[in-house]
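This report concerns only the one structure given below.
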Amino acid sequence: MKTETTIQGLTASLSPARSSRKIIGFVPTMGNLHEGHLNLVREARRLCDVVVVSIFVNPIQFGPNEDFENYPRTLEHDSHLLAEVGCDIVFAPSVEQMYGHKPRLTNISVSDITNDLCGLQRPGHFDGVAVVVTKLFNMVQPNFAFFGQKDYQQLAVIRQFVRDLNIPLEVIGVPITRATDGLALSSRNGYLTEEQRKTAPIIFQSLKEAEQQLKQAVNLAEVLENIKQTLTQAGFIVDYVEARTLDLDKIEVFNQDVVLFVAAKLGTTRLIDNLQVKYTV
Ligand code: PAF
């Protein structure tokens with residue numbers, strides 16, 4: 001496995017794969033890798049000839065009071081994990097390498113779907129993601145790019161700008177990887193205290209409970225309120241509990257698959273999760 005820290009180095013490492021028309025798979029990450037990331041890499045390995053993983057903590061997707069400075073940087077450990085799952089190239093650029101020294105005057109902003117859910121609580125976040133992912137796509141020029149469904153809204157934003165801007169690659173969404181107690185794996189789980197870690201799986205439990213209630217034809221608004229109450233009673237500060245269509249539209253008709261979304265804080269750690277369920281009455 002090679003590690004590249006410059007765009008030039010990355011281009012040189014990818015050149016043989018490009019000239020022999022190998023299928024390039026790409027997994028963008030911010031490092032501090034866990035099984036969820038490794039499953040993205042395994043999926044890339046399964047479908048592609050060459051697998052590139054980027055590790056870059058992207059400053060422009062963090063809000064002023066978010067955890068950019070403290071976000072764990074664990075390149076050495078991440079590299080060991082990536083070598084074990086068959087990654088070919090790790091791209092770990094510096095902020096200067098990604099953004100240069102001159103001011104960036106271009107933004108990429110996806111409307112509508114970003115004015116909802118996490119977009120309301122994290123202004124500018126998805127623009128920051130769209131910019132860095134577009135830059136990475138241009139650097140790696142992959143055939144396939146892999147993203148986790150835990151960040152469902154992020155995945156929708158990426159699919160949208162890839163389609164709108166005719167970026168020539170296919171985006172693959174990979175199902176959420178969960179701990180045995182149901183907690184969706186996330187780099188931010190590492191911020192939880194021992195006590196909070198025991199409480200955190202209640203998010204997934206409340207989503208599964210909601211699925212059961214919907215099967216018993218409980219009214220959707222009531223189901224969402226029940227999740228909110230369960231989480232509040234368990235000590236979460238609930239950011240939102242919402243249901244949307246698979247395309248993130250408001251739900252106006254019954255008898256379709258919908259996605260239930262939760263964002264809630266335990267102490268200072270914000271956790272998100274989602275579950276696709278049937279909504280029939
Ligand atoms: O999901 C993440 O880890 C990040 O948002 C991403 C896609 C790597 C962009 O920085």
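These residue numbers are counts, starting from 1, taken along the chain as shown.
Placed from the backbone N, Cα and C atoms, the Cβ positions cover glycine too.
What TrEMBL records for 30-37, 148-151, 185-188 is ATP binding site. In three-state terms derived from DSSP, Asn32 (ATP binding site) belongs to neither a helical nor a strand segment and is classed as coil.
Marked as active site, proton donor by TrEMBL: His37. Taking all protein chains in view, 27 other C-beta atoms sit within 10 angstroms of the C-beta of His37 (active site, proton donor).
Under the heading (R)-pantoate binding site, TrEMBL lists Gln61, Gln154. DSSP assigns Gln61 ((R)-pantoate binding site) to a helical segment in the three-state reduction.
The beta-alanine binding site feature in TrEMBL is assigned to Gln61.
The annotation coiled coil is assigned in TrEMBL to 207-234.
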What three-state class does DSSP give Gly148 (ATP binding site)? strand
Reduced to three states, what secondary structure does DSSP give Ser187 (ATP binding site)? helix
Of Met30, Asn32, Leu185, the binding-site residues whose C-beta sits under 6 angstroms from any atom of ligand 1 are Met30
